Amino acid sequence: MASKFLQFYGYDLLLGSIAAFYVLMVPYTKVEESFNIQAMHDILYHRHHLDNYDHLEFPGVVPRTFIGALLVSILASPMVLAMQLLHLPKIYSLIIVRLALGCIILYTLRFLRTQVRNKFGHQVEAFFVILTAIQFHLLFYCTRALPNILAMGVVNLAYGHWLKGSFYTALNYLVFATITFRCDIVLLLCPLGLEFLLTKSIAFWKALKCCIMISLLCIGLTILVDSIMWKRFLWPEFEVFWFNSVLNRSSEWGTHSIHWYFTSALPRSLLAAYPLFMLGVLLDRRLLTLVLPVFSFVVLYSKLPHKELRFIISSVPIFNLSAAVAASRIYNNRKKSFWKFLNLIMLGLLLISLGCTIITFMASYENYPSGYALKELHQIGRLANNTNELWVHIDPFSAMNGISLFCEDKFPWFLTDGQ
């Protein structure tokens, strides 16, 4: 019984355990996560009292959709309610919502992994899991409430249906991700749609009709939900598109060179999988049609001056797939002289990747100073056994580096945010 359970869910337990470890060790959040994290807090604690919601007072640079926050909050609500009944600090609720988000993302990754197994075999699936497990960023980010991560969950489903041969469904998921979570997913949608047309996997007019229908439904959904939550007529991702692409205001947050994704972001996120994914394309022709649209996505994104690793994190699973195929081929031929040499190099790369992940985690652990400072302050306050109200002012730096509404402890503690 136990062996069958591990056979079906062993890989999920491995990846889930690593992601949960990251959550428990580094529960705090950064400014990029602030909208969705504060939204989840308000949905869970203020419920229908919209006037108390944080985003109405601090709307941020551009509005974001509530759809992802609502989905995660619904999933986490039973456990959060239990935390409230037990009068536990809100920080435990933060851990719960992050774990709930991680479950959603890892479920979509499981769906993709199942299609990888069906198309390429069990051994490629195993290497896909190994490569994912020893990389830092994908599992660290999968529990972080970034719009990019919410979009990645939908993109994973699109990838899975792509491998399955359900091309129209794959397009529908990408349209949904583009309109609802991240408008820049259109940079993946266009190359993939073009490939489907060139390979005659889809019919142009049928695909166009399908995409228009899904687009209208998604626009209607996001306008309905977000106009209620923001108290004004709103399509969030259209405003994001206008701000970032038309006005090109995103460059105000810093710029990188055009090659940065290929010379810095991808090597850091993929580690051993970076050289292996390129080798995979050479070893298996099937991979070219999978890698090329995703590679084009990164190339197109490189045109935008403002760059962050999280912007292209949706490309990582496909690059890992290509790397897994290469690793499987090397392993199967390891007894031959030349392949034996490649196998030794691959093992060395895997060990180096594991070491890099450990070092990166240790650095990230220290990257949330405000959260740890507030935790220490709470501990000092408990020792003082003070019954008077204790108000803590949260300045912008603290709000950006670890403190969210989930960090507010029970009475007598109160956080004030007078930005």
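Glycine is no exception: its Cβ is also placed from the backbone N, Cα and C atoms.
Bear in mind that TrEMBL entries carry predicted annotations, made automatically and left uncurated.
Residues of the same chain lying 6 or more positions beyond the ends of the transmembrane segment (6-25) and with a Cβ under 8 Å from any Cβ of it are 95, 98-99, 102-103, 106, 109-110, 113, 125-126, 129, 132-133, 139-140, 142-143, 361, 365. Positions annotated as transmembrane segment by TrEMBL: 6-25 (among others).
Annotation source TrEMBL lists transmembrane segment at 66-85 (among others).
Residues of the same chain lying 6 or more positions beyond the ends of the transmembrane segment (91-112) and with a Cβ under 8 Å from any Cβ of it are 11-12, 15-16, 19-20, 23-24, 27, 29, 37, 40-41, 44, 71-73, 75-76, 79-80, 83-84, 132, 142-145, 149, 152-154, 156-157, 159-160, 163, 317, 375, 404, 406-407, 409. Taken from TrEMBL, the feature transmembrane segment covers 91-112 (among others).
Annotated transmembrane segment per TrEMBL: 124-150 (among others), in sequence order.
Remote same-chain partners of the transmembrane segment (170-198), defined as residues 6 or more beyond its termini with a Cβ less than 8 Å from a stretch Cβ, comprise 65, 67-68, 147-148, 150-151, 154-155, 157-159, 161-162, 204, 207, 210-211, 214-215, 218-219, 221-222, 237-238, 240-241, 244-245, 289, 292-294, 296-297, 300-301, 311, 314-315. Residues annotated as transmembrane segment in TrEMBL: 170-198 (among others).
According to TrEMBL, the transmembrane segment annotation covers 210-230 (among others).
The transmembrane segment feature in TrEMBL is assigned to 258-280 (among others).
What TrEMBL lists as transmembrane segment is 287-304 (among others). Within the chain carrying the transmembrane segment (287-304), a Cβ under 8 angstroms from the stretch's Cβ atoms is held by residues 162-163, 184, 187-188, 190-192, 194-195, 199, 244-245, 250, 258-262, 266, 277, 280-281, 311-312, 314-315, 318-319, 321-322, 325, all 6 or more beyond its ends.
Taken from TrEMBL, the feature transmembrane segment covers 310-332 (among others).
Feature annotation from TrEMBL assigns transmembrane segment to 344-365 (among others).
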* **Region pair the transmembrane segment (210-230) / the transmembrane segment (344-365), three or more CB pairs under 8 Å** => no
* **Beyond the flanks of the transmembrane segment (344-365) by 6 or more, those residues with Cβ under 8 Å of it** => 22, 25-26, 130, 134-137, 140, 268, 271-273, 275-276, 327, 330-331
* Residues of the parent chain within Cβ reach of the transmembrane segment (124-150), under 8 Å, 6 or more residues beyond its termini -> 11, 14-15, 18-19, 22-23, 26, 29-30, 32-33, 36-37, 40, 64-65, 68-69, 72, 97-99, 101-102, 105-106, 109, 113, 116-117, 181-182, 268-273, 276, 309-311, 313-314, 316-317, 320-321, 323-325, 327-328, 331, 350, 353-354, 356-357, 360-361, 364
